[in-house]
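Asker: Per Swiss-Prot, domain 'S4 RNA-binding' is recorded for 94-154, and the stated evidence type is sequence analysis. Annotation comment: Swiss-Prot describes 1-46 as region 'Disordered'.
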Amino acid sequence: MSKRHSAKYKIDRRMGENLWGRPKSPVNSRSYGPGQHGQRRKSKVSDFGLQLRAKQKLKGYYGNLTEKQFSRTYEEAARRKGNTSENLIALLESRLDAIVYRAKFVPTVFAARQFVNHGHVTVNGKRVNIPSYRCKAGDVIQVREKSRNMALVLEAVASNERDFAEYVSVDAKSLSATFVRAPELSEVPYPVKMEPNLVVEFYAS
């Protein structure tokens, strides 16, 4: 198990929010950060602090991406025409592991990364094992036949914990999903408020 995977709930505690809306999140029972000093009185946060927090929260939500992975995604978003904030979200939601998570083939975004890494998914009939693989509108993502009876898949498919995203069309019988289009920020079913505009300010400062 990777350090990023094992530390997933530390991200919740550090942010003081239940990032994925999971019943097991420690934030449901306490709202302070990890460590013995978690309950200290909060001081006023600077603009830079707010921007950094917004970046850390978005990085954490997508499986605690490395700074290199996240900054590269931001740079691509900035190069594209249009609103950089919206471009950033569209790129993050176009990741193969994000779509596997949105399709509810697995219970968590961390599990989605491992699931893809271990070769359990195809894109347009070809096996792809790169979590950051960028999907395009119309791409069909499917769980490989030999992987469909895995416990975590059956658990996720049966769960009502999360809603489906409108931009991912799912066929539960064949365990396939079509990436309809890259979404706008307002369409993404985040359990908490995300502020990509502050992320843009962070990198622009």
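From the backbone N, Cα and C atoms, a Cβ is placed for every residue, glycine too.
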Asker: Count the residues of the domain 'S4 RNA-binding' (94-154) that DSSP assigns to helix (H, G, I), to strand (E, B) and to coil, and report the three numbers in that order.
Answerer: 23 helix, 11 strand, 27 coil
Asker: Compute the average pLDDT of the predicted model within the domain 'S4 RNA-binding' (94-154).
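Answerer: Here the predicted model's pLDDT, averaged over the domain 'S4 RNA-binding' (94-154), is 98.
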